[in-house]
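A short write-up of the structure that comes next.
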Amino acid sequence: VGFKAGVKDYKLTYYTPEYETKDTDILAAFRVTPQPGVPPEEAGAAVAAESSTGTWTTVWTDGLTSLDRYKGRCYHIEPVAGEENQYIAYVAYPLDLFEEGSVTNMFTSIVGNVFGFKALRALRLEDLRVPTSYIKTFQGPPHGIQVERDKLNKYGRPLLGCTIKPKLGLSAKNYGRAVYECLRGGLDFTKDDENVNSQPFMRWRDRFLFCAEAIYKAQAETGEIKGHYLNATAGTCEEMIKRAVCARELGAPIVMHDYLTGGFTANTTLAHYCRDNGLLLHIHRAMHAVIDRQKNHGMHFRVLAKALRLSGGDHIHAGTVVGKLEGEREITLGFVDLLRDDFVEKDRSRGIYFTQDWVSLPGVLPVASGGIHVWHMPALTEIFGDDSVLQFGGGTLGHPWGNAPGAVANRVALEACVQARNEGRDLAREGNEIIREASKWSPELAAACEVWKAIKFEFPAMDTL
């Protein structure tokens, strides 16, 4: 019989429209833009091949393995509505292609070399269905939403945070002072900026010590549990763990990691340490837009969010929705549900291509941050619900009277919105009124309302959904 050398079309082996997917398969939805003259079936099959067992030519060693058992299969292709020459190619991967408990290995296969493939003009991974059998090989978030609430003793409302600004240049002592002011005023958390690691103007240990002092002082004064996301991100995993150990020894409740710049291997390492040592883990998504911003190439953020839930994190930044378009609201809420819920149904209108069952893997709190202030509070409370962290950087520190009054303004606004919602009022319609009413009793809130009043509150249109 021998082996037949030469190049043959991918679609002869890797395009299998009759294939019925298995419960154990990892399923991927790719947005494929083929080069002119390349049929969509060939492009979809090429993606399946190059991200699994295939190479550009038939090789002698193919005969030593069972391709049927190990190959990725393109099992369905559909054109993208409203786009010329774009297709969604669905690919199924057998579970045995992946190392257990390794997001790194999963991504190396699925979004590895295939993205540089010449027969495609562009390629984007839109969604991933992770089978329950693979999920069970991951630890996931160190603690999850319920355990975090129990640790903090805070229920029935979103949590409030604030990123300390200016992000670079403060000394450790002044940094700790800013942390203390915010926490004393009523915030639950303050946050290291993602690019604060250990620079000449503020070495990490000095920052950790002053922030710990700020936390304890604020806790003593307010009777509430407080936290500061101590950024443990470092140049090596060893250094990162050293910083996490120091945070634990200081009694800090939470550390932070930049999971995309740090990498999934480092992130999973830190997540395991955090669970073993009772630390919460806040995740920042710096660099995500490099990967997810192009509509036709890269990877959608919902895939990065799913990967983070597997790798491990208790909070992750997830956009704000406010003031953006309605489609974005639906799509953002789609991946917010993928982060928090145990079971999410397929829903293409929200960008969810597959039904995802998380089999009791703990959930992740979505963090809304970036350009938000007190007037956005009703919208944020309505959109994100209780299980979220609302982070106001400039919206706290930009208060004309200083950090603590800025924190007071945000806390009063939040409590007013939660109370109004619990009384059955419609936050979408009455949001402005609720904030105005509350500001009569809080001079701090009134001052904040005055500063940011020019920034429009674009919310009523949301009712049309």
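In case you wondered, yes, glycine gets a Cβ from its N, Cα and C as well.
Listed in Swiss-Prot:
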type	residues	note
ACT_SITE	LYS165	active site, proton acceptor
ACT_SITE	HIS284	active site, proton acceptor
BINDING	ASN113, THR163, LYS167, ARG285, HIS317, SER369	substrate binding site
BINDING	LYS191, ASP193, GLU194	Mg(2+) binding site
MOD_RES	LYS4	N6,N6,N6-trimethyllysine
MOD_RES	LYS191	N6-carboxylysine
SITE	LYS324	site 'Transition state stabilizer'
Cβ packing number for LYS4 (N6,N6,N6-trimethyllysine), 10 Å threshold: 7
From LYS4, ASN113, THR163, LYS165, LYS167, HIS317: recorded positions whose CA lies within 10 A of HIS284 (active site, proton acceptor): HIS317
Fewest other C-beta atoms within 10 angstroms, as judged across ASN113, THR163, which are the binding-site residues: ASN113
Most crowded position, judged by CB atoms within 10 A, among LYS165, LYS167, LYS191, ARG285 as recorded positions: LYS191
Alpha-carbon spacing, LYS165 (active site, proton acceptor) to GLU194 (Mg(2+) binding site), which is rounded to whole Å: 11
Cα-nearest neighbour of LYS4 (N6,N6,N6-trimethyllysine) within the listed binding-site residues, THR163, LYS191, ARG285, HIS317, SER369: ARG285
Cα-to-Cα gap, HIS317 (substrate binding site) vs LYS191 (Mg(2+) binding site), nearest whole Å: 12
Entries of LYS191, ASP193, GLU194 which, being binding-site residues, have CA atoms within 10 angstroms of ARG285 (substrate binding site): GLU194
